[in-house]
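Taken from Swiss-Prot as is:
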BINDING   H83, H182  heme b b562 binding site
BINDING   H97, H196  heme b b566 binding site
BINDING   H201  ubiquinone binding site
TRANSMEM  33-53  transmembrane segment
TRANSMEM  77-98  transmembrane segment
TRANSMEM  113-133  transmembrane segment
TRANSMEM  178-198  transmembrane segment
TRANSMEM  226-246  transmembrane segment
TRANSMEM  288-308  transmembrane segment
TRANSMEM  320-340  transmembrane segment
TRANSMEM  347-367  transmembrane segment
Amino acid sequence: MTNIRKSHPLIKIINHSFIDLPTPSNISAWWNFGSLLGICLILQILTGLFLAMHYTPDTTTAFSSVAHICREVNYGWIIRYLHANGASMFFICLFIHMGRGLYYGSYTFLKTWNIGVILLLTVMATAFMGYVLPWGQMSFWGATVITNLLSAIPYIGTTLVEWIWGGFSVDKATLTRFFAFHFILPFIISALAITHLLFLHETGSNNPSGIPSNMDKIPFHPYYTIKDILGILLLILTLLTLVLFSPHHLGDPDNYTPATPLNTPPHIKPEWYFLFAYAILRSVPNKLGGVLALALSILILALIPILHTSKQRSMMFRPLSQCMFWLLVADLLTLTWIGGQPVEHPFIIIGQLASILYFSLILVLMPLAGIIENNLLKW
C-alpha cells in the first residue's frame, strides 16, 4: 500500500510543497521570511474577519465602531492592535524578503520575481485602503491626498479621481468601496502567493552562494519546518511585545481625532512603511513628475532582472555590489525618515538627493559595479 501522503490528490500537493520538497542544504535565516509572510497573511485575514463582524463602513459610525471594538467587544482591543501592528510586521518581513531576493540574485527566477512585484503592489493597495477605514483625521486626509494624485494624469485625471471617490470628495461612497476592496484583496493576495510558490517550486529555491545546488538537496521536513517554527515564534513574540506594550507606537496621533473635512492636520503623512515612496513623491516639485517618480519607485523592481550585469548570481562574493546594496538600504532608511518630516529646509534637499541616489543606484551604479567585477575576474 502506498503512503497516503504520496497518493492522496490533495495531500500529495502539500507533500510536494512542504514535506518532501528538495531544498538546498545551505539556505540561511534570510530564507525564513517567505513562511513568515504566509503567517502574517493568515493572521491578518483572521483578525480582519473578526474586526469586520463589528465594523460599520459608514462615515457617521465608522470611527465610533472602531472605538466600540476596543472598548466593548470581548478582546476587541487585542484583535484591533494585532491587525494594525500585524500590517507593520507584514511590511518588515516583506522588505527583508525583497532585500534577500535582491542580495542573493533570486530575481533571476523571472516568473517568481514578477509575481512578487505584483504581490507587493497588491499588499500596498490593501494596506492603504485599510488605513482609511478607522475614519480618523489621517485616514480621511491620507485618502484625499493620495487619491488626488491621479488627477495629475492628463485628460482623464479629474474624471478618474471622481470615479474612485464615487462623488466630488472623499465621502460615504469612498469608505464603503474601500472597505469592500480591503476585504476582498487579501484573498486575491492568497491566490497570488500560491502562484508565487508554484513558480518557485518549478525551479527550486536559490541559495546564498547563487550556485545550482541540485547535487546537495535535503527534504524540507523536518529540517526547515523546525527552522520556520523558530522564526514564527520570534515573529509572534515581537508582534505581541509591540501589541501589549506600545500598540500606538507606529500609528499617528491625528488618527484618534474623528475625520473632518473642515481642518487639515499640520503634517499629512502615510504609515511608516509608505514613507520612502512618499518622500520620493514630495521630492519632485512638479505634480505629474512626482506621481511618475512614485510609481517608478516601486515598478523599477520589475527592471532589476534586466539590469543584472554580473557573471555571478549572488552578491556573496562581490564586495563592490555589496557596498552598493547596503548604500541602497541606507538610502531607503533616509527616505523613510525624510517622508515623516515637514516640508522645509534641510529636509527638502536631503529628500531630493536621496531620491536621485535611489534611482541612480538601481539604474546605474549597481549594473556598473557588476561590469567592474566581471573585469576584475579576468585578472
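Residue numbering: from 1, along the chain as shown.
For all residues, glycine too, the Cβ spot is worked out from N, Cα and C.
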Report summary line: Near the transmembrane segment (178-198) in space but 6 or more residues beyond its ends, with Cβ under 8 Å, are 17, 37-38, 41, 44-45, 48, 52, 55, 57, 112, 115-116, 118-119, 122-123, 125-126, 129-130, 132-133, 143
Query raised in the report: Going by DSSP, is H97 (heme b b566 binding site) part of a helix, a strand, or coil?
Result: helix
**Report entry** Leading stretch by Cβ pairs under 8 Å, where the reference is the transmembrane segment (226-246) and the options are 33-53, 77-98, 113-133, 347-367
**Finding:** 77-98
Query raised in the report: Looking only at residues six or more beyond either end of the transmembrane segment (347-367), which have a C-beta under 8 A from one in the stretch?
Result: 279-280, 282-284, 293, 296-297, 300, 303-304, 307-309, 321, 324-325, 327-328, 331-332, 334-335, 338-339, 341
Query raised in the report: Near the transmembrane segment (33-53), which same-chain residues lie under 8 Å Cβ to Cβ, leaving out any that are not at least 6 residues past its ends?
Result: 69, 79-80, 82-83, 86-87, 89-90, 93-94, 96-97, 100, 182-183, 186-187, 189-190, 193, 228, 231-232, 235
Report summary line: argmin Cα dist to H83 (heme b b562 binding site) over the binding-site residues H97, H196, H201 returns H97
Query raised in the report: Where the distance is taken from Cα to Cα, which of the binding-site residues H97, H196, H201 turns out closest to H182 (heme b b562 binding site)?
Result: H196
Query raised in the report: So which residues does the transmembrane segment (77-98) touch in its own chain, when a touch means Cβ under 8 Å and the partner is 6 or more beyond its ends?
Result: 30, 33-34, 36-37, 40-41, 43-44, 47-48, 50-51, 66, 69-71, 116, 120, 123, 127, 130, 235, 238-239, 242-243, 247, 250-251, 271-273, 301
Query raised in the report: Roughly how many angstrom lie between the C-alpha atoms of H201 (ubiquinone binding site) and H97 (heme b b566 binding site)?
Result: 17
Report summary line: Quick tally, other C-beta within 10 angstroms, H196, H201; top of the binding-site residues is H196
Requested in this report: State the three-class DSSP label for H182 (heme b b562 binding site), counting H, G and I as helix, E and B as strand, and everything else as coil.
Outcome: helix
